[in-house]
Amino acid sequence: MEGFVLDESYILSIDEGTTSTRSIIFNHSGEKVIESQKEFRQYFPQPGWVEHDANEIWNAVLSTIANVFIESGIKPAQIKGIGITNQRETTIIWDKKTGLPIYHAVVWQSRQSSEIADWLREDNNEEKFHNKTGLTIDAYFSATKVRWILDQVPGAQERAENGELLFGTIDTWLVWKLTGGKVHVTDYSNASRTMMFNIHDLAWDKEILKILNIPEKMLPQIKSNSEIYGKTADYHFYGSQVPISGMAGDQQAALFGQLALDPGTIKNTYGTGAFTVMNTGQTAKMSENSLLTTIAYGINGKVNYALEGSIYVAGSAIQWLRDGMELIQSASDSEKAALNSKNIDEVYVVPAFTGLGAPYWDSSARGAVFGLTRGTTRNDFIKATLQSLAYQSRDVIDTMKSDSDIEIPKLKVDGGAAKNNYLLQFQADILNTKIIRADDLETTALGAAFLAGLSIGFWKDVDELKQLKNKGTEFEPKMSNTKRDVLYEGWKKAVNATRQFGSKTKVN
Ligand SMILES: Nc1ncnc2c1ncn2[C@@H]1O[C@H](COP(=O)(O)OP(=O)(O)O)[C@@H](O)[C@H]1O
Ligand SMILES: O=P(O)(O)OC[C@H](O)CO
């Protein structure tokens, strides 16, 4: 926090991601003053399952909040509003009285409820669910995870029907905890990822709840993205009752943080997964090509929709190189390795570790490597893994162009893996599109801060926010058309072969 003169007032953002939690304090100029980050444990109880301990997440949130105050000297009373942003879809069910979760948080990546999704599909529900929720039936979304927990935990269905249990995604859980168990709410953007929310009526969908036998009384109230939901319990916030005044799912918060607020503007975030989101304005544009229609944000009585392509594995493939394959010591080592690779891009890694998301939605696919020769080196393998983030993004962005009929002359990017210059240059090359990387990659947290600050008058309006944004770093495409076409063709072949293998092999 060197170089900052302490202001009178700030906004605190809590960014609860898939692998770590961050608390960040922003000043009135939209600058990050201080940040604290804490990783938490990933549980993999069975192949394809991913779980978190919701209490460990809560403790990580509390400790990062304590750190930013201790390290900056800023007092809790100087925080005028709190913004929350979160890994979406991840599902927690807890006891209303004790506040204790009845099962681990089932993470968005987890496939443990895929049989429930299969059952829904077999019953010809696809069109109905898509029209109501904008989503493709998949274990990714919260609805099948809720059903799974209620089935697995003895007595849970009955307790839910008696009003003893509450459901929430991470946003809901954190507001509940921060307010001392007083407020049970979610927002449009998170609700639109549950597959229980009707994106046209802006309400829980009673027909879907009936099909899944999920009691409505366990669901949170749905709110806009920028309003005061409640105040922090003073015992959690060092004696201060601070308004929680904005929240959004992390991908929608990143869109807002990038100020991609006009129809047709688009961003790509490379975190654990990668998520391309295009603002489509106040029209719910329904995809004809397996993209998701979702809610970008609802503010001041108006709702903006978005098209989204969700890629399950992006930065987590780099974590796998680090922790699983032990080929690198830190994620940032991947850049140097890729630049040192001498091969001509003939190796392809398809990181379908938990199936493939958009535009394939293939839950039986599993990861594969193609094009190995006796001369393939560690560097080539790492480079191919990095390239897979860019190829997957091209799959999604090509689909988005044809769905929206909108040209995409430039792409705004952010997220942890967007630090990697090699990745972004390759992304510009393989898309033939200019890439603009935000100066501060914490766009997600900034978006939540903007939403929190707008509702309490910390910032007057969006025009004021536009004055705060920096220029960013640009990556221009340099690859020849012929090379681009050949490389992408190879990727398509690799994906097809991976999918064929998955459909023939029964992998759990
Ligand atoms: N320099 C880098 N090159 C490639 N990947 C990176 C780099 N730095 C971080 N990552 C990846 O980015 C991800 C973390 O990004 P982040 O936006 O914090 O994710 P999340 O919000 O999903 O927890 C990790 O999966 C990590 O492997
Ligand atoms: O944790 P992230 O940033 O990869 O985001 C996860 C997404 O919200 C899942 O839909």
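Numbers run from 1 along the shown chain.
A Cβ is built for glycine as well, from the same backbone N, Cα and C atoms used for every other residue.
The shown structure was predicted, so the numbers you read here are calculated from the model rather than taken from an experiment.
Among the candidates Thr272, Thr276, Thr373, Thr376, the residue that TrEMBL annotates alongside Thr18, Thr19, Ser20, Gly315, Gln319, Gly416 as binding ATP is Thr272. Per TrEMBL, glycerol is bound by Arg88, Glu89, Asp250, Gln251; the candidate from Tyr140, Tyr297, Tyr305, Tyr312 named for the same site is Tyr140. Long-range C-beta contacts of Ser20 (ATP binding site), restricted to its own chain and to partners at least six residues apart, with a cutoff below 8 Å, comprise Gln37, Lys38, Glu39, Phe40, Ala60.
Proximity of the binding-site residues Arg22, Arg88, Glu89, Tyr140, Gln319, Asn420 to ligand 1, judged by a Cβ distance under 6 angstroms to any of its atoms, singles out Gln319, Asn420 in sequence order. The two recorded residues, Gln251 (glycerol binding site) and Arg88 (sn-glycerol 3-phosphate binding site), have Cα atoms 8 Å apart. In terms of Cα spacing, the binding-site residues Arg22, Glu89, Thr272, Asn420 all stay beyond 10 Å of His236 (phosphohistidine). Across the structure, Gly315 (ADP binding site) and Tyr140 (sn-glycerol 3-phosphate binding site) are spaced 18 Å apart at their Cα atoms.
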